[in-house]
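Asks: Below are the features listed in TrEMBL for this protein:
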type: COMPBIAS; residues: 91-118; note: compositional bias 'Basic residues'
type: DOMAIN; residues: 3-65; note: domain 'J'
type: REGION; residues: 73-121; note: region 'Disordered'
type: TRANSMEM; residues: 134-155; note: transmembrane segment
Amino acid sequence: METLYDVLGVDPDAGPGEIRTAYRERVKRHHPDVDGGDAAAFRRLTTARDVLLDGESRARYDALGHRRYARHHLGEEWPVEEPPRAAGKSRSQRSRPQPRRRRSRRVVRDRGRHRRRASGPADAAVALGTYRSVLVRAGVVLLALFALAVVLSALSL
């Protein structure tokens, strides 16, 4: 299975400079405007560059692994090889093609939003940090209210 790192020809510990250089070198060969350019390869290169240069996306990609990340975030352009699941199904169930359901525009649009939604260990840390900051702010507000109550009670005496 080809990973995003393989697409660009870089190591998993490659820095942003190496990723940009590898992207520039490979995009010259696959750009659709160049003779014999491959549009699908160009899109794959661009997607790999975008994910690996964005710190959050790269952390999520590394945490989930290529197969899970591709299935949930990259769409149909990155086919994911599924392990065979023939066990437990009869021959007629395996060979019968499943009918494709037609999706409404709303479902497709909402699916795109869901794909951008965060998930995984990196996002749990972000959520925890947000929760902590909310608690700190609430504590500051309560402390200010308490101080105000003390001042008002002192003035009324």
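These residue numbers are counts, starting from 1, taken along the chain as shown.
Note: Cβ is positioned from N, Cα and C throughout, glycine not excepted.
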Asks: Mind checking how the domain 'J' (3-65) divides into helix, strand and coil residues in DSSP?
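Replies: In the domain 'J' (3-65), the DSSP-based counts are 45 helix, 0 strand, 18 coil.
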Asks: Can you tell me the mean pLDDT for the domain 'J' (3-65)?
Replies: 86
